[in-house]
Amino acid sequence: MVGKLNPTRFIFVTGGVVSSLGKGLAAASIGALLQARGFSVRLRKLDPYLNVDPGTMSPAQHGEVFVTSDGGETDLDLGHYERFTGVMKTRADNVTAGKIYHELIVKERRGDYLGQTVQVIPHVIDLIISCILHNDAGADFVICEIGGTVGDIESQPFLEAIRQVSYRLSKNLTIFVHLTLVPYIGAVGELKTKPTQHSVKELSSLGIQPDIVLYRSRAQLPQYQCAKIANFCNVAEDNIIAALDVSNIYMLPVMYHEHRLDTQILKHFDVDSPEPDLTQWENVLRMSETASDRIVIAIVGKYVTSLDAYTSLEEALRHAGLHSGIRVEIKWVDARLPASEIDLTDADAILIPGGFGDNGIGTKICAIEYARVNNIPMLGICLGMQLAVIEFALNVAGIEDANSTEFKSDCKNPVVCELPGLQVGDEYKMGGSMRLGSYTCNLAPGSRIMSIYDSSTVVERRRHRYGINPEYRDVLSKCGLAFTGAAEDRDLPEVLELPDHPWFIGVQFHPEFQSTPFKSHPLFLSFVTSTLQVKKASSRS
């Protein structure tokens, strides 16, 4: 959408008291509401950690790595941004302190700062500001979420940068939205506003006066407590807005609109607009209430103890359930447990997600064998596809010591191997060295995968260093494993099927990154609907 406003307005979303309050979802909801009023938006995440990107961070600690179309390994909040607004993110939309310092050192070594003493102020701050102001899409609103919590040492350069942006652009082109926690103290049965007051005081000490305070709470505050926050935080009472706990994140845009968040933002900017068209959000909420059938999908992974490790995957299954009228329940199965200790008997389908390393591989392979032998629908994604090949090679094709060189570098039959051409030079580089971003996959005529996509080609996102060894394609095919999708740019099998199985598909790419609540991804939709069909057929037999 072409921008209507000139110049662009900037919205900065900060957080206080504790982390994980939902700043990313608040920013995404603001973007969705402004879109619903006809404006164009661009969302960015500013992360204060010193990693260049989250690509080498453990999902158990940081959550999933969301891969952008241009190959960026980014924070999971960018996934929320894409799903809520439909605006494709790029690697430039995730700015980390590590990325800033890396660029700074490169510039210093190149002589760009010749004669100067390179310091946090102005050099680091100026680089952050240039990332914030970069708006090549000409959006009406740029929404920047600042990671971390106000008071953290590492976030101070980013807070100083947004303070300077507000000073340089003038107040009527910027707005500060601060999300805090209003905890409920069960012993006295009260909601407490003091942490919010202290958080705003901390932010104000850094030169930033919030214009809107969003308070995360289990219940809406009475008027007198909102007035108390307004008085002690120097914020208009109309701008003290509830960010209530919800059972469904897709309720948030409608809830925030009901609480007048978008109205107050536009009032601050003195911008007129029609009321938002929230029809698509209301439709999503309506669909979420109409599910009649139920299925259980077991996700067998090694990061299942972290709620954020498989965010996009969980949302993609939810989208498929919304658009099929099926209630999808996820059973999390810890692959780090021995295979003898996991129970899949109540699972209607099995999903093996992506991952790295050999921890939990044996249990995942046993789960794949269980699905294959018992005609249970199975979807393998990235590593899940590779393990499906290993399982088939060992147990059906009888290939001795079939394995991946990721797990056993000297195996006799490397049916999965490292992709050539990913390493340049003698030094082994872990970060950013994989096959990343969107590539085209050609689908075989007459295959199940082609009928699912209703197309002979598909563009999906990748994040992998290992792939199926094409030298074993023929021998595996002769034993009944059909390779029905191949990379357009290299000799690399990317889709497999078992033709005689009710639904058994492996894909090397990550389809979950392109599913939205408004348009379920066809692969997940087929997986969910076919699972219900198989369940009903087995119950009749």
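Using the three backbone atoms N, Cα and C, a Cβ is placed for every residue, glycine included.
Note that the structure is a prediction, hence the values are computed from the model and not measured.
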Next item on the list: From the candidates LYS4, LYS45, LYS171, LYS228, give the one listed by Swiss-Prot for the same CTP site as SER19, ASP152, ILE153, GLU154, LYS192, THR193, LYS194, PRO195, THR196, GLN197.
Entry: LYS228
Next item on the list: From GLU329, GLU406, GLU488, grab the residue that Swiss-Prot records in the same L-glutamine site as GLY355, LEU383, GLY384, MET385, GLN386, ARG465.
Entry: GLU406
Item checked: Candidate sharing the ATP site with SER20, LEU21, GLY22, LYS23, GLY24, LEU25 (per Swiss-Prot), from ASP75, ASP77, ASP93 -> ASP77
Next item on the list: Check the Cα-Cα distances from GLY24 (ATP binding site) to the recorded positions LYS194, LEU383, GLY384, MET385, GLU512 and tell me which is shortest.
Entry: GLU512
Next item on the list: Based on Cβ atoms within 10 Å, give me the single least packed residue among the binding-site residues GLY24, PRO195, GLY384.
Entry: PRO195
Checklist line | Confidence summary for the region 'Amidoligase domain' (1-271), mean pLDDT rounded | finding: 95
Check: Taking Cα-Cα distance, which of the recorded positions GLU145, ILE153, LYS194, GLY355, GLY384, HIS510 are within 10 Å of ASP77 (ATP binding site)?
Finding: GLU145
Next item on the list: Can you grab the distance from LEU25 (ATP binding site) over to GLU145 (Mg(2+) binding site)? Cα atoms, rounded to a whole Å.
Entry: 10
Note to self: Going by Cα-Cα distance, which of the recorded positions (LEU383, GLY384, MET385, GLU512) sits nearest to LYS228 (UTP binding site)?
What the structure shows: GLU512
